[in-house]
Amino acid sequence: MPELPEVETTRRGIDAVITGKTLRRLLVRESRMRWPIPADLPGLLSGRAVLECARRGKYLLLRFEHGTQIVHLGMSGSLRSVPAGEAPRKHDHVDWIFDHATLRLHDPRRFGAVLWHPDTAGPIAAHPLLARLGIEPFDPRFDGAWLHSQFRNRAIAVKQALLAGDAVVGVGNIYASESLFRAGIDPRTPARRISRARCARLADMVRATLADALASGGSTLRDYVGASGQPGSYFEIHAAVYERAGLPCRVCGTPIRRLVQGQRATYYCPSCQKR
């Protein structure tokens, strides 16, 4: 699933392409996504200008004068800029057509979402998908004290607490495993047992890991590409544990282990990461 670095890389790539530009047509080839795309959405947006291209967690927010379009890339989606008139490929489900270019949503598994939140429904932050999201990892308030305050009453494993999204947003499966490795914390450790000092280390490593991923254009394991169609290179350059089960740890040489937590694969070094 595209995580914060992939979504932010996409946002940066499409921002200059669409912000301030008028959407000529929203073309929906397949409306059966995670939630059905409203049938009246093309009519609501055609001829309207995009005022802002923002992000909250893993959601892209396209701001119009009368509301906000919420776009989620799902498990396998990507949003890229293509030349006007370029023929669609299989699984190209939605086009945002501008005078000079087209944004195209490609989503083989159709777990993504294209939703509409009118201004008359209240602030976008109150939308049910956004209202309970945690703090952004690059927010100055995100530090060890914050993380400790969010973890201290949670009995679940620290990896699952990171994935929950209500303490900090945008840290998905890849970067949770990588951040915990860099922080030296066993992913099975109950969140409430993580000391304030270790929370400080973990907060630093979450930020550092995500910053490395942003600088690399995210990670491409299967389907993700950035707005220009380029794959991300974080996995090839930086990944220390993710999908490296049985291979030697880059620090100590101990074989990396794989386990399943909450139906998600977790990778860790049993020597470098302590409970």
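Just so you know, glycine gets a Cβ as well, placed from its N, Cα and C.
Owing to the predicted nature of the structure, the values given are computational and were not obtained by experimental measurement.
Going by Swiss-Prot, these are the annotated features:
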type	residues	note
ACT_SITE	P2	active site, schiff-base intermediate with DNA
ACT_SITE	E3	active site, proton donor
ACT_SITE	K58	active site, proton donor
ACT_SITE	R264	active site, proton donor
BINDING	H91, R109, R154	DNA binding site
ZN_FING	240-274	zinc finger
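Cα of K58 (active site, proton donor) to Cα of E3 (active site, proton donor): a span of 6 Å. Among the active-site residues listed (P2, E3, R264), P2 has its Cα nearest to the Cα of H91 (DNA binding site).
In this structure, the C-alpha atom of R154 (DNA binding site) lies 23 angstrom from that of E3 (active site, proton donor). Look at the zinc finger (240-274): DSSP puts its residues at 0 helix, 13 strand, 22 coil. With respect to their backbone Cα atoms, E3 (active site, proton donor) and R109 (DNA binding site) stand 16 Å from each other. Confidence annotation: the zinc finger (240-274) carries a mean pLDDT of 96 in the model.
Sequence-distant neighbours of R264 (active site, proton donor) (same chain, 6+ apart, CB under 8 A from its CB) are L163, N173. The most crowded of the recorded positions listed here (K58, R109, R154) is K58, judged by how many other CB atoms sit within 10 Å of its own CB.
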